[in-house]
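Novice: After the structure tokens below, expect a handful of questions from me.
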Amino acid sequence: LQNEKWMNVKVGDIIKLENNQFVAADLLLLSSSEPHGLCYIETAELDGETNLKVRHALSVTSELGGDMNRLARFDGIVVCEAPNNKLDKFTGVLSWKDSKHSLNNEKIILRGCVLRNTSWCFGMVIFAGPDTKLMQNSGKTKFKRTSIDRLMNTLVLWIFGFLVCLGIILGIANSIWENQVGDQFRTFLFWNEGEKSSVFSGFLTFWSYIIILNTVVPISLYVSMEVIRLGHSYFINWDRKMYYYGTATAAEARTTTLNEELGQIEYVFSDKTGTLTQNIMTFKKCSINGRIYGEIHDDLGQKTEITKKKEPVDFSVKSQADRTFQFFDQSLMESIKLGDPKVHEFLRLLALCHTVMPEENSAGQLIYQVQSPDEGALVTAARNLGFIFKSRTPETITIEELGTLVTYQLLAFLDFNNIRKRMSVIVRNPEGQIKLYSKGADTVLFEKLHSSNEEDLLSLTSDHLSEFAGEGLRTLAIAYRDLDDKYFKEWHKMLEDANAAIDERDERIAELYEEIERDLMLLGATAVEDKLQEGVIETVTSLSLANIKIWVLTGDKQETAINIGYACNMLTDDMNDMFVIAGNNAVEVREELRKAKESLFGQNRSFSNGHIVCEKKQQLELDSVVEETVTGDYALIINGHSLAYALESDVKNDFLELACMCKTVVCCRVTPLQKAQVVELVKNHRNAVTLAIGDGANDVSMIKSAHIGVGISGQEGLQAVLASDFSFAQFRYLQRLLLVHGRWSYFRMCKFLCYFFYKNFAFTLVHFWFGFFCGFSAQTVYDQWFITLFNIVYTSLPVLAMGIFDQDVNDQNSMDHPQLYQPGQLNLLFNKHKFFTCMVHGIYTSLALFIIPYGAFYNVAGEDGQHIADYQSFAVTMATSLVIVVSVQIALDTSYWTVINHVFIWGSIATYFCILFTMHSNDIFSTFPSQFPFVGNALHSLTQKCVWLVILLTTVASVMPVVAFRFLRVDLYPTLSDQIRQWQKAQKKARPPRSRRPQTRRSSSRRSGYAFAHQEGYGELITSGKNMRAKNPPTSGLEKTLYNSTSWIENLCKKTTDTVNSFSQDKTVKL
Amino acid sequence: MTWSATARGAQQPDNTAFTQQRLPAWQPLLSASIALPLFFCAGLAFIGLGLGLYYTSNSIKELEYDYTGSLDTGNCSACAEADQDGAPPPNCSCALNFSLPEFFQGPVYFYYELSNFYQNNRRYSVSCDNAQLSGFPSALRQPVNDCAPYQYGAAGLPIAPCGAIANSLFNDSFSLWHELPPSGPYVEVPLDRTGIAWWTDNHVKFRNPPLVNGSLALAFSGTAAPPSWPRPVYELSPDPNNTGFVNQDFVVWMRTAALPTFRKLYARIRQGNYSAGLPRGNYSVHVTYNYPVRAFHGRKLVVFSSISWMGGKNPFLGIAYLVVGSLCILTGFVMLVVYIRYQDQDDEDDSDD
């Protein structure tokens, strides 16, 4: 046995896993520390389900146990399917010792699972590395680029085309000029060697101009963009408001090239478990006999942790109460103290009717191994309230009722399944009474109630249920039934018969269950909170105000998903309709989609024509019309099964269209790959920017395929974070990431791009105009040094500072006004239209820059009468004008003048003059006479008043239209950003303390908040006692019961059909 | 399992104004209270400036006389005619007569103007060697390749000064004669031809090569004059301080013009009786017509001009200021109207709320 890195795990290896370890590869479970080769795994990373799942080894292999020698000699051969991405299916055959054993999913532990409650297990690697089902699901990693990047590429191509056009125009013009004018000028304008014809000269001129004008193609732009993005990424990393103290995790921009895309998100695809929810269930409220407990009363100051105060004295040593449990209502404790029988019965039921396994840890503390977290919450609640579930054997349950140990005989266990939506236990209490305790979905349970239940109680309880449901709590109704001995015995006999039956066994058992679970007496209801992460509701609300559509993609159950939808206000009762698509085949799904759409469009359109192809075309045409006509909020809920059909190519468009018109979309029971497919679908067909957020390995594919992937970090599991582009610890930071950082990034980047293009055009096109006056001879207007330094030294820093630091509105206002986010989604701040505006602005500026000096220098003399209309003075004047004009322009563009902006802008101008005077100084000329021919020019030109008059006029003429245009735009069509800026400015003068609006939850009339993360099959395990450790009995006092009750076990053995199970179970008993 | 992110995250980000993007900042807004006064003030200031410039420019007296000479008219036609075939005959001279009806307020500047002459053509304007012109002996013998085809002479000697600019040196010369008294003999008006080049050009940029045995001619030995020059560079002027590369006319010519029509200073009239200006009367400019321009449809002019505080005559700047100033005011009014209407609308909206 040796330690190996995951990368070294190979197919056929036998590896040992320990508790709470991630599974490194797809394994065939050979043996484990638990009896019968059982082991528990948590698949949250794979499918988002948080309940524990059981895997058991083949009995032949489980015998190997922890015997290293025998394991080492294990030489079975597995023949199985090829690697695929189906998480819930596996077929294969193990040939070992001349016998063949069929393998199914139950024997396999998939990579990405976590081993729980099992101290060790051995497994043989079946698939490793990229062949594992997890990796098969993870999709391809793509190189992500932002839409601005793509737009940029197009624009750069256009600019290049533009450049070539200019080159051609000037080249042809040069040919003509050389032919018409230059030809007569040969005395002075000789031909160069090998350049004797005007056509060839034109050709050379073309290339010369390509070189001279190449500054329109913004090469430094890409570098600058990356620098700006890097700056933004650092701001994300540095943001204390995205730092989570709980896990000491700061937000992290893992990709530094996608920042501005954060400001354009239209669709957010969110995982549920661990992303929206904390994956912690807490018992919040209950209604017992028509009375609500657990309401928080007005005097919040009295919030007390009951558990601590009320812990019975004899528990305090063991500290049985779970310290994390909080319940804020004293009255329940009072009722318990008073001995209200209904309350006691209620808690007793909670302590009895479940599938939890108790375990004592090394410190002697009672630990519950829960299969579904909701149950854990309920049992823990009962425990804290004085009804402590202590231990169980296959046929007894021992609880401590307010200090006294009571052992109940477990007579029957009516397991949970998705159809029944309830579970029951039949127990005999020490007094000999037989009781059936049942908990389940209220809709189901209420039908089973006895008519003797008081109407008041029923209506009260159902009111309470609605109330709970409205708050997004998961509810269960609680009821019991007294059974008389005789009736139970009869029923039990029938059950045994049914169990023994060969055909229609399940149906008969179900019938029997139905039979006994009736005439129930309602006790009350529980409300468990699937604890949302902090601030999820606010975040969701504010994101939807920002017109971001949030889709929940979860591997969890439909009920759970819907419940969470309600809990975080994504689904509300105000919604006009909620479509649930749960068809099991393509036709059904199609039909359901059509129906949903029909009701969406009302009577406007009929979908009676069966031809889907025609319809699709029609729809595509009508898409734009339709989207506007649909009013009201709709929600779509679709499960993974239907989704598989809905994603098929012919229905895809229908589905997408419908989904996009709905305010909320919830996809449940989806596989990781489906998550990615949904994301791809929206990404490809909606042309929208998507963001996927998740925390587990099951979200990796989605994170990779979305434009932006966000990983929730700080919890277990790194896959999501490693695949993500941004990571932080809490879902609520998404709001800040998008609305503040994303918006700013987009805003800054767009401003930066606009300015950059403007600047390059203004700078370069002067050469073009000058071409008309210098015989198209590719003469540059500026000094070579100026051309070299302009983009790098004179103008790069101010625009970088703007790109990094600019803010239009501050972060608080960005958060408070999510509507500010919309320009990004609509791509308003930088698009082709904007680009053309910038281009025209640049061309105008270049024209002003040329025309005014041209006019002013035409045949003019200087102050001392010397000619100043020489080329060098002209160049210096124009360069100075240009630097000043673009500096004024950036000053106008900068809306947030930090010290750095000041330093950069003034510094750039100062630098320009410093460098100008240095390069035109006598000293540098006498050292390098050929390189610096402009000697003395700066001094001579810039002491001329008329040169300054030209610079002033050029500046005003270039900038004035921009100012006027902006002023008029702000006045006539103010954007929200403008308004808020104004408001913000006014606010600065008189800053009143702003109270955050209190988050009000809408009351809901939703009937049921039933959701239960429970899985079928656990009842059987419990009653069979398979999952109990005989060698380590939980409570010593129960040993006797265990041994005395073998007959019960034998009875129950008959119920179990799995031969393997019963076979192994016998062994347990013998131990 | 080690998790680097945890370790990194354990350090909470610094709470500085910089990292939290809370740097104190000035956030200017383009509000009406700034923009409107700005426009009106700028407009008024520009109109004022424009008027000043315009009147100043108009007050400058400028006289231009074209002496290119067309084939049929003008005194210089004879020379021009000969020019048809290339270079005019050597020492072809002509006179240009004009009369001043009133006193020409001095100081008067005497320019020559060439049009359609592309001194800014790239091929032309790069064709010189700055190192050579600043007196580097090595560059004197080995002119840069930019000078080609005027790099080396026919005999293989390096040309000094090399290049097309130097080769095309303007070589017309002028003298101004005043008829004093009226219908009396002409008196030559003294032309001050010193200091017509930029000081830096004449003292820094252009230097003669170090004298050899006190002789400039020896310093230039082993070089050839540009092909179209009748004499070598060291004989440009008899004045030893004004010959060679530092010859003022040569330096003026070497400062290439930005535009195809350009003027260059020829002389100042500020000496003797003419220091205050040119009195009224008849004048004659005697031209030594050497420079061929007719081949490329160029014109040659002599220009007399006075100078104001803002330089020579140029109505453009004044007019441009007036136009921009008026536009500012006009835009200001439009903005004001829009602003007032928008305010009204806003108030209505507010009252509706």
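Even glycines carry a Cβ here, placed using N, Cα and C.
Nobody curates TrEMBL annotations by hand; they come from automatic prediction.
Just so it is clear, the model here is predicted, and its values are computed rather than measured.
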Novice: According to TrEMBL, which stretch among A:197-223, A:656-682 corresponds to the feature transmembrane segment?
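Specialist: Here TrEMBL associates transmembrane segment with the stretch A:197-223.
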Novice: Check the transmembrane segment (A:785-805) against the transmembrane segment (A:197-223) for contact, please; criterion is three or more CB pairs under 8 Å, pairs 6 or more apart in sequence.
Specialist: yes
Novice: Would you say the transmembrane segment (A:752-773) and the transmembrane segment (A:155-177) are touching, if the rule is that at least three C-beta pairs must lie under 8 angstroms and be 6 or more residues apart?
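Specialist: Counting Cβ pairs under 8 Å (6 or more apart in sequence), the transmembrane segment (A:155-177) reaches the transmembrane segment (A:752-773), since there are 3 or more.
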Novice: With the transmembrane segment (A:835-854) as the reference, find which of A:197-223, A:752-773, A:947-968 contributes the most Cβ pairs under 8 Å.
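Specialist: Counting Cβ pairs under 8 Å, the winner is A:752-773.
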Novice: Where else in the chain does the transmembrane segment (A:899-919) make close Cβ contacts, counting only residues six or more beyond its ends and a cut-off under 8 Å?
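Specialist: Answer is 783, 785, 789, 793-795, 797-798, 800-802, 805, 876, 879-880, 883-884, 887, 890-891, 932, 934, 938-939.
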Novice: Looking only at residues six or more beyond either end of the transmembrane segment (A:752-773), which have a C-beta under 8 A from one in the stretch?
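Specialist: Sequence-remote neighbours of the transmembrane segment (A:752-773) are 148, 152, 155, 166, 170, 173, 209, 212-213, 215-216, 218, 221, 224-225, 228, 779-782, 790-791, 795, 799-800, 802-803, 830, 834-835, 837-839, 841-843, 845-847, 849-851, 854, 878, 882, 885-886, 889-890, 893, 958.
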Novice: Quick one: average pLDDT across the domain 'P-type ATPase C-terminal' (A:721-975), no decimals.
Specialist: 89
